[in-house]
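Some features that Swiss-Prot has for this protein:
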| type | residues | note |
| --- | --- | --- |
| ACT_SITE | H44 | active site, proton acceptor |
| ACT_SITE | E74 | active site, proton acceptor |
| ACT_SITE | H202 | active site, proton donor |
| BINDING | N8, R19, D203, G225, H226 | 3-amino-2-oxopropyl phosphate binding site |
| BINDING | R46, H51, T111 | 1-deoxy-D-xylulose 5-phosphate binding site |
| SITE | E162 | site 'Transition state stabilizer' |
Amino acid sequence: MTTQLSVNVNKIAVLRNSRGGTDPDVLQAARTCIAAGAHGITVHPRPDQRHIRAGDVLALSALTREHAVEFNIEGNPFAPPRAGYPGLLELCRATRPEQITLVPDGDGQLTSDHGFDFAQDTTQLAELIAAFKAVGSRVSLFVDAGNPDIAGAAALGADRVELYTGPYAHAHASGQTDTALALFADAGRRASAAGLGINAGHDLSQANLGDFLAAVPGVLEVSIGHALIGEALYQGLEATVRAYVDILRGSQVGA
C-alpha cells in the first residue's frame, strides 16, 4: 500500500488573507492538488482565523466529497468558540470529515510544535475524542516521537497518531539523521503494537520524505503544506504534488 498524501492548504489562505479578497483561491489550489494525485486535503482552522476560515472548511468539505478524496481537519479541541470561529467540534459536525487530527496548540503559537502530554490531558481528552468519533470521523492525535506513552492514545480512543516530524526535519537538514530516525522508527513500532495507525507531518519535504519513509515502517499518511507550497513557487503546484506522489509510490507501507 502507498502512503497517502494529504496536502495542507493553509499557506494558500495565508497569502490570500495578507491582501484581502479571494486570491489566491484556496478551492482552486485544492482542485489542482487533487487533479495532480493528492489523496486528500488538510486544513487547520485556528480561532484567530489567520489562514483557513470557517467558510473555507465548508467549501473544501464539499469539494473533497465531490472528488472522493479524504478531508482532514486539524485543530485544538480545547479552544473555545469565538466570533467567526464556531469551535472545532461544531466545524466537524457540520462537515463530517474522514479524519480529525487533534493538536494541542495555543492561540499564540506560530505553528504546531509539540504533541499531547497524555499524563496531563487524559480525562478531558478522552471525552473529546468520543465526541469527535460520534461525528463519524477517524480521530488522530498529534504526538512527539519521544512520548513514552504513545500507546496511551489508543487507551483514550484514538484511531491513529500523527508523529510530529519537525525534529526529524531539523536533524535531516543538519546531516545528522541516524538518531532521529531511530527515535521515529521506535515510535512507529510502539504505535503499531498498540493498534494505532501512523500518520506523520510537519516540515516534511521532497528532500527528507523518502529517507523518513524508508526508516519508519507503516506510515499511512503524510500531511504536507509549508514545504510543498514553498517548493511550488519554483516548480509549480501541479508538478510539486506529482513529485511527492512519486516519492510515496517509491516507498511502500511496510516495505
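Even glycines carry a Cβ here, placed using N, Cα and C.
Closest to G225 (3-amino-2-oxopropyl phosphate binding site) by Cα-Cα distance, out of the recorded positions R46, E74, E162, is E74. Its Cβ taken as reference, H226 (3-amino-2-oxopropyl phosphate binding site) is surrounded by 17 other Cβ atoms within 10 Å in the chains shown. Under DSSP, H44 (active site, proton acceptor) is assigned to coil, being neither helix nor strand in the three-state scheme. Using a 10 angstroms CA-CA radius around N8 (3-amino-2-oxopropyl phosphate binding site), the recorded positions that qualify from H44, R46, H51, E162 are H44. Taking a C-beta cut-off of under 8 angstroms and a sequence separation of 6 or more, H51 (1-deoxy-D-xylulose 5-phosphate binding site) has the following same-chain neighbours: N10, K11, A13, V14, N17, H44. Remark: of the recorded positions R19, H44, R46, H202, the most isolated position is R19 (fewest other Cβ atoms within 10 Å of its Cβ). Within the same chain, residues at least 6 positions away in sequence whose Cβ sits under 8 Å from that of E162 (site 'Transition state stabilizer') are T101, S140, L141, F142, V143, N199, A200, G201, S223.
Counting other Cβ atoms within 10 Å of each Cβ, the recorded positions N8, E74, D203, G225 show the lowest value at D203.
Between the alpha carbons (Cα) of R46 (1-deoxy-D-xylulose 5-phosphate binding site) and H226 (3-amino-2-oxopropyl phosphate binding site) lies a span of roughly 16 Å. Across the structure, H226 (3-amino-2-oxopropyl phosphate binding site) and the residue listed as 'active site, proton donor' are spaced 8 Å apart at their Cα atoms.
D203 (3-amino-2-oxopropyl phosphate binding site) sits 16 Å from E74 (active site, proton acceptor), taking the Cα positions as reference. Our reading of the 3-amino-2-oxopropyl phosphate binding annotation (N8, R19, D203, G225, H226) yields a largest Cα to Cα distance of 25 angstrom.
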